[in-house]
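Student: Pasting a structure here, questions to come.
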Amino acid sequence: MDNRHLALYPFVTEASEYVGSLGFSPDKLLSSRALESARIRGRERVIQALEGEIEKPSPSSSEEGKILTELLSYPFSRILVSCIDDPFLTRKYALAEAKAAYHLLKTQQPEFLQDLATDFRINAEIYENPETHDIFFDLHFTDYIKLASPLKDLNWKLVNRKMKKGYVKISKEELARLLQEAIRLRIQNSLPVTVPKEICEACIPHTDTISEELEKKKTEFGVGEFQRVESDLFPPCITQAIANVRAGVNLAHSMRFAMTSFLINIGMSVDEVVAMFNISPDFDEEKTRYQIEHIAGTSSGTTYKPPSCNTMRTYGNCSAPDELCKGVKHPLGYYSRRVWVKNRMQNDNEKGHEEKKEGETPPQ
């Protein structure tokens, strides 16, 4: 790749080697006045990741300064994400970087996608239909399963694909989508990197800005750290699902996923969730544990969130909504709000109790 493409795809091995050859240590990357634009861009791409989309510039091959800024902003953004070391941020960042690459890959020539796939140790053979001249790729089914398994659309299921002699035929855009998944996994699994404490301290002006945006986004998504699981504060849909499980009702797959991912996200352990399904009529502990560990990200590092309220309604899983349901968009948002209200009331009561004690007449 030329330097312009390395800047657009900074996660490839060649880009890492090129940056290493420039001799920019983390300390120099942080302190050099000449690299201020790279630091600003590095912070910007993390904030853009929180918003869901990293905007990639398109510098010409002659704009060496802009190319270097974009190229060096990537390792600096990784430093910032690592210093904050928040799983939610790491997942959002990796996904946004991968999505940005996907949009670019769709415009590239087939040979470029083939070369990029090779960097991920994926053998994608180019095939041209002799009659229509359409371009396809042949991908070994093991590579296909590895990359397509997290994708939810039924079209990605192996049983719905054409396979010949162990190879799956896919379109150029489909290969770009699978490469997006490979990119996401590479970035997510490589974070956090080890960053010296003094470097993280020097990054505080940048990480504070990102952390502020991170907390806003967590509130929006209903993501937070819960001190303990409070079942009396669950949204009606989850309460009903748990009641059905305890009554021996076999939940639909979509509701089972929603309930499991909700419980994992509020802090229940895999063992605790497995125990809840122990009464289910089709209970298979090994299979159940595998499914729950997958949702919890035990092996992949990706913890799945429960579906939004709109999706719950679409699948018929929204049951007995109450007044609070009208003001939230996500089951985790419902739970977060009720936890916040309960904590606020407890704090107010404790404060009032202290004030009352101070105003009491001491015994005579």
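All residue numbers here begin at 1 and follow the chain in the order shown.
Glycine is treated like the rest: Cβ placed from N, Cα and C.
In case it helps, Swiss-Prot gives these features for our protein:
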type    : residues               : note
BINDING : C237, C309, C318, C325 : [4Fe-4S] cluster binding site
REGION  : 345-364                : region 'Disordered'
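Just tell me what is around each of these and how deep it sits.
Tutor: Within the same chain, residues at least six positions away from C325 ([4Fe-4S] cluster binding site) with a Cβ under 8 Å of its Cβ are P235, P236, C309, C318, Y334.
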Student: Using the Cβ centroid of C237, C309, C318, C325 as the reference point for the [4Fe-4S] cluster site, which residues of the same chain not in that list have Cβ within 8 Å?
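Tutor: Near the [4Fe-4S] cluster site, beyond C237, C309, C318, C325, sit P235, P236, M312, R313, N317, S319, P321, P331, Y334.
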Student: Ranked by the number of other Cβ atoms within 10 Å of their own Cβ, which of the binding-site residues C237, C309, C318 ranks first?
Tutor: C237
